[in-house]
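**Student:** When I checked TrEMBL for this same protein, it listed these features:
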- ASN110, GLU296: Mg(2+) binding site (BINDING)
- GLN148, ARG378: substrate binding site (BINDING)
- LYS233, 292-301, TYR303, 326-329, GLU353, LYS380, ASP386: ATP binding site (BINDING)
- 133-230: domain 'Glutathione synthase substrate-binding' (DOMAIN)
Amino acid sequence: MATGWGSLLQDEQQLEELARQAVDRALAEGVLLRTSQEPSSSNVVSYAPFTLFPSLVPSALLEQAYAVQMDFNLLVDAVSQNAAFLEQTLSRHVLNVLSKTKEAAKILSNNPSKGLALGIAKAWELYGSANALVLLIAQEKERNIFDQRAIENELLARNIHVIRRRFEDVFEKGSLDQDRRLFMDGQEVAVVYFRDGYMPSQYSQQNWEARLLLERSCAVKCPDIATQLAGTKKVQQELSRVGMLEVLLPGQPQAVARLRATFAGLYSLDMGEEGDQAIAKALAAPSRFVLKPQREGGGNNLYGEEMVQALEQLKDSEERASYILMEKIEPEPFGNCLLRPGSPTRVDQCISELGIFGVYVRQGKTLVMNKHVGHLLRTKAIVHADGGVAAGVAVLDNPYPV
C-alpha cells in the first residue's frame, strides 16, 4: 500500500514542526495518559502515543469491519449462553496540522466513549431503579484513566452516577440482599462495568471472591463471566471449525459468511493427532505462524524462535491445549511517524490493526440493542512482533479511507 504522504515524510524540518503542533493539539484535546512513573496520580500526565498522519485503510476493508461487528456481537452472545459449548471448549485450567482540508474531510468521525456510555445507560435503564448507580471496577494503577473518565462524563450527562472501586473494595464492602441486589457502600448498583480483571495476574483469592459476588448479583455485568470466556483464544479457535458458526447462528447464512470472511487459520493444540499435526506445521515453517496463550492486554504472543522453543517444550505436555496456533497475518507495511513522549521524530515502516467498538444489550431472550459505535486503529513499527498501546509498542491512529 502506498503511504499517501510520501513527500511530507521526506521533509525532516516540516516533520519536526508538524510533530510539535500535533503534540500540543493532543494535549489540548485531552489525548492523555498518566505516566509510568506515577500511574496512580494525575498530577503528572503526558500525551498518549499516536501517529502523525492517518494511515491508509482500503475503504472496502473498513466497510467490511463495520458491517461484521454486529454479527460478532450476536456470535459472542450465542457462545456466552451455550454453557455446554464453553465447558467443552475450555480446558479446566483455563477456566480455573496541514492545509489539506479535502483529505481531512475523509477522516471518519469517532466517539466510542459516547456509544459505549449509550449501551451502559440502556442497561441502567432496564435495571429499573432510578437511584441505582454504575460501578466501574478499576485497577489501582491505571494510566489510561482519561479514556474511562470520558465514559463516566457521558453517563453523568445522563444523570447516571458512577463510582470507581477496586476488586479489593468489593470484597471488603460489597454485599447482596435477599433478592440478590448488589450494594456498594450502602448504594444499590445497577450495572458493573469491568475495566480490570481480564488477566489472571489481576486476581488474588480475594479478587476471585469479589468477582463471584458480582456475578451472583442481579446487577447487569459488562461483561459477565460467560461473555468474557466467550472471548478467549480457545473459543476463537473452536469457532473456526467447519459448521460451528452454523450451529451457533442457525438460519443466518449471511452473518455466517461475513464472520467467516474475517477468520485467519486457527489450529487446536489439544493432545492427539490434530494437535500433533499443527505443531509439526509450525515447527516446519515458524515464520508463517503465531502461538497465542489465553491472555489479553498485548505482548503475550510468541513468534519465530520463541515460538519454536515453546512448542518444543510443550509438545508432550497437556499444557499445550491452553494455547492456539494461528496463521500469521502479513499486512503490507507503510511509512508513518509514531509520536511518543521523549522519542525523536522519525519515519518508521509500520503495520496497523483495526478494531470496531460495539454495544450489545439483551434482556432475557429479547435483543434490545446491537450497534457499532466507533473504531480503534493501532499502529506499530514492523520491528515489533507483538504488543498494544498499553504495552508501550503500538500507538493510536486514524484510518484514512482510500
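Glycine residues also receive a Cβ, built from the backbone N, Cα and C atoms like all the rest.
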**Student:** Taking only C-alpha atoms and a 10 A limit, tell me which of GLN294, ASN300, ASP386 are near ARG378 (substrate binding site). These are the binding-site residues.
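**Tutor:** Matched binding-site residues: none.
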**Student:** Taking only the residues in the domain 'Glutathione synthase substrate-binding' (133-230), give me the average pLDDT of this model.
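**Tutor:** Across the residues of the domain 'Glutathione synthase substrate-binding' (133-230) the model's pLDDT averages 95 on the 0 to 100 scale.
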**Student:** Take the C-alpha atoms of LYS233 (ATP binding site) and ASN110 (Mg(2+) binding site) and report the distance between them in angstrom, rounded.
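**Tutor:** Given the Cα positions, LYS233 (ATP binding site) is 28 Å from ASN110 (Mg(2+) binding site).
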**Student:** Please compare the binding-site residues ILE329, ARG378 by how many other CB atoms fall within 10 Å of each one's CB, and tell me which has the fewest.
**Tutor:** ILE329
